[in-house]
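Beneath this line is the structure, given in structure tokens, with notes to follow.
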């Protein structure tokens with residue numbers, strides 16, 4: 001059936017409130033504007049539901065790589081992986097002379113190893129090598145399937161390339177970009193991620209990214225455009241009735 005005064009803003013506002021409260025509707029609009037908005041509201045609902053389903057599926061099916069040690073706190077919180085520290089190194093001295101705190105706890109659990117044996121037992125999963133970042137980075141770049149670098153860095157210091165004062169090719173190294181390429185090769189942690197990404201095919205991801213609003217913005221824009229179209233049609237219908245070009249029908253059952 002149709003209602004005589006259906007083309008009224010109050011009717012549509014009440015219809016919207018009833019839809020949000022899941023109360024159903026007392027009538028189904030026959031006006032083209034309301035039908036346009038209703039059709040594309042359901043289209044928007046389908047898009048949002050599909051995006052939610054895809055997001056849920058992504059989190060349930062993507063196997064995330066579990067990196068057990070990400071910081072010194074993680075290392076001290078467990079007992080199955082012991083830290084290797086090179087004997088008489090600067091880190092060994094720092095841990096040994098620590099009066100208290102985290103470094104003192106690490107000194108009580110660390111295993112001292114000779115130079116060149118810091119990686120012993122790391123690939124087997126029961127040791128962790130604590131060494132200078134410049135030493136660990138090339139190893140992680142070359143053997144990213146066996147080793148990884150923890151996200152937390154400590155006892156950081158500036159590392160630089162050294163060459164004699166007024167060296168003949170110092171300016172040339174900077175001008176040609178050779179120095180920057182050396183820095184990028186040996187001192188940038190992003191190389192570990194890129195090297196592992198290029199060498200692994202179908203391996204586990206470190207994180208699973210969720211589907212955000214930017215992934216469904218196309219559906220929002222399209223729905224907004226048709227909402228605007230429905231509003232324009234509604235204004236035309238209201239003007240058509242107000243000008244008396246069409247008389248509302250009586251209630252027909």
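Glycine is treated like the rest: Cβ placed from N, Cα and C.
Note that TrEMBL annotation is computational and uncurated.
Annotated features, as they stand in TrEMBL:
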type     : residues : note
BINDING  : 132      : L-glutamate binding site
DISULFID : 144-196  : disulfide bond
DOMAIN   : 6-221    : domain 'Ionotropic glutamate receptor C-terminal'
SITE     : 69       : site 'Crucial to convey clamshell closure to channel opening'
TRANSMEM : 39-62    : transmembrane segment
TRANSMEM : 216-240  : transmembrane segment
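The CA atom of the residue listed as 'L-glutamate binding site' is located 17 Å away from the CA atom of residue 144 (disulfide bond). Rounded to a whole number, the C-alpha distance linking residue 69 (site 'Crucial to convey clamshell closure to channel opening') with residue 144 (disulfide bond) is 15 angstrom. Within 10 Å of the Cβ of residue 132 (L-glutamate binding site) there are 15 other Cβ atoms, across all protein chains. Averaged across the domain 'Ionotropic glutamate receptor C-terminal' (6-221), the predicted model reaches a pLDDT of 74.
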